[in-house]
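One structure below.
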Amino acid sequence: MASPSSFTYYCPPSSSPVWSEPLYSLRPEHARERLQDDSVETVTSIEQAKVEEKIQEVFSSYKFNHLVPRLVLQREKHFHYLKRGLRQLTDAYECLDASRPWLCYWILHSLELLDEPIPQIVATDVCQFLELCQSPEGGFGGGPGQYPHLAPTYAAVNALCIIGTEEAYDIINREKLLQYLYSLKQPDGSFLMHVGGEVDVRSAYCAASVASLTNIITPDLFEGTAEWIARCQNWEGGIGGVPGMEAHGGYTFCGLAALVILKRERSLNLKSLLQWVTSRQMRFEGGFQGRCNKLVDGCYSFWQAGLLPLLHRALHAQGDPALSMSHWMFHQQALQEYILMCCQCPAGGLLDKPGKSRDFYHTCYCLSGLSIAQHFGSGAMLHDVVLGVPENALQPTHPVYNIGPDKVIQATTYFLQKPVPGFEELKDETSAEPATD
């Protein structure tokens with residue numbers, strides 16, 4: 001995990017001030033931010049115009065129905081939606097049979113952001129289920145008896161760290177997990193997602209995340225990884241899945257977060273990356289797109305906005321005098337407005353954009369992005385601003401791991417008390433060698 005500095009990620013819960021300014025998206029001049037296609041229609045411009053029209057309807061309806069606009073996060077409805085999902089899912093989720101640890105993580109993290117306690121019986125049931133997903137070869141599969149894969153391994157470790165009990169921590173077979181990571185490591189520093197699978201930046205991040213949380217990083221496990229990730233940064237400034245590919249929000253987050261863990265952020269052109277990610281916030285909608293010329297999507301409220309705390313800290317460490325000491329480098333108010341007005345399902349749960357269905361994935365990442373937009377800095381530089389009613393305030397999330405900062409500290413403290421698997425044996429063997437003249 002990255003070493004602490006004067007600018008840290010930990011934002012303790014506080015009495016957050018409430019935004020008193022008029023809503024950004026309800027200003028009379030806001031319509032000027034809509035797409036101007038210069039009378040040259042394309043497939044993408046037509047789709048963008050359709051989305052903007054739907055969002056304009058939401059903005060107009062809100063303005064018409066609220067004489068004094070006060071945005072409200074429907075906490076109770078979201079809580080009940082999440083609570084039901086932990087116990088029972090409809091057959092619509094059959095397609096996610098290989099993503100069951102993800103469902104645990106998405107729901108548990110959403111609950112911790114809402115500051116909803118996880119009952120002990122539920123925590124125990126989740127632990128027992130995830131133990132069934134752990135492979136004898138190391139790592140976790142998408143369900144009991146499935147092949148291990150780095151994506152559900154990341155989700156399972158995060159879920160267990162959110163639960164944060166000794167019972168949860170001890171489910172993770174650290175020795176086998178380290179062996180599994182070595183089996184995926186490639187000569188160029190990259191990692192396979194699973195044995196015989198594809199290589200991309202996600203796997204490097206998932207490996208770095210679980211290894212750093214559980215204290216199994218060895219001197220050579222990530223040899224060459226930072227250099228490989230740096231080759232994935234392209235001319236746009238963002239990061240693609242592999243070298244030479246188009247920059248994408250999800251891959252960019254994974255790449256930068258992995259480098260933060262490895263303390264190699266300076267391997268990237270940070271100013272170019274900053275320009276790319278800030279250009280992904282949509283002028284009219286207020287949310288983020290994942291790639292250039294794509295539509296807004298609520299999940300990028302985290303994948304893109306979550307990059308800004310990482311960049312802020314990296315640039316702060318370089319002594320950049322232009323950095324704000326009270327706000328991230330994106331329009332925090334506009335993002336909060338998009339999530340609260342456009343991404344909440346009336347029945348509970350959050351979604352991609354108006355017209356889309358709710359799901360646990362978007363619920364998790366919309367709430368994560370909302371938390372990022374509410375909380376800035378820590379200590380003397382703590383500056384929290386919550387849009388709408390005070391009850392909208394969420395718990396902070398760690399932008400590297402996307403679980404509570406306190407859960408990161410708790411997990412790393414626990415696992416740092418244990419030796420890195422194999423390291424002590426190697427040290428003992430070395431010390432047992434006879435001295436030479």
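Positions of Cβ are set from backbone N, Cα and C atoms, glycine also.
Quantities reported herein were computed from a predicted structural model and do not represent experimental measurements.
The Zn(2+) site recorded in Swiss-Prot includes Asp297, Cys299, and the single candidate from His248, His331, His362 that the record places there is His362.
If you draw a 10 Å sphere around the CB of Cys299 (Zn(2+) binding site), it holds 25 other CB atoms from the protein chains shown. Each of the binding-site residues His248, Arg291 was scored by the number of other CB atoms within 10 A of its CB, and the lowest score belongs to Arg291. Distant neighbours of the repeat 'PFTB 1' (123-164): 86, 97-102, 104-106, 108-109, 112, 171-173, 175-181, 183-184, 191-195, 197, 202-203, 205-207, 209-210, 213-214, 401-404, 407-408, 410-411; these residues of the same chain sit at least 6 beyond its ends, with a Cβ under 8 Å from one of its Cβ atoms.
Checked against Cys299 (Zn(2+) binding site) by C-alpha proximity, the recorded positions Trp102, Gly250, Asn293 yield Gly250 as the nearest. For Phe302 ((2E,6E)-farnesyl diphosphate binding site), the same-chain residues lying six or more positions away in sequence with a CB closer than 8 A to its CB are Phe253, Tyr365, Cys366, Ser368, Gly369, Ile372, Asn402.
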